[in-house]
């Protein structure tokens, strides 16, 4: 059972990696590189000089991939890990739920995952280009994670709850993080041309939607094929 | 314990345990890629983090 889940998840991760890497290459990556050209010009607390790559925000001397092939290779690797991770989470949830696992159900679970893990947190913390002023990182990560957990629980209660009160509680969980509110940024002035931010939000949400739905679809399909071959 | 209930327990654990292990594995990879603080990990996953909307920097 575990082997089938892991094989399906990494197979799906490979498919997801190819597709979202190609998508990022044409959509988010040019926008990130464009925004980074302006990063050194604003007083954003980062200091770049000719010796450090434009995307190194750690202390001087911290390792960062060199721009170009190396940087892109690490992005592709991160996409593979993300694709496999999302597939593992979706397959585990489907197995725990006990429903039929196939491409169609995987697609539905993936769509729900996208809403919980990308769309709802993006309402408070929109996907950001480098150089966007933002609140403390840990505060944002805590709010982001709590919002994902609350939204996922909310979807589960609305989808699987039988009593109307359970569904209402699910709706309340959906709304609660936004009533509390995300950590606000210190300002809205950006160093890069502001219109890039809008383009980036849409591009990033499309990448995330493809990540989650394609992971669910291909992991569900592969799991059905693999478990069908061992258990006729 | 009757044969039926031990069978049911075996079926349950053969389903729940692998799924739970897969869930922990998946969450570990997800948070490792999107959230880990070490600078080298951040820099390696930087563009993927931005592209998928994780809080970054």
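Cβ from N, Cα, C; glycine included.
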Stretch carrying transmembrane segment according to TrEMBL (options A:46-64, A:141-159): A:141-159
Any contact, the transmembrane segment (A:107-126) to the transmembrane segment (A:7-26), with at least 3 Cβ pairs under 8 A: no
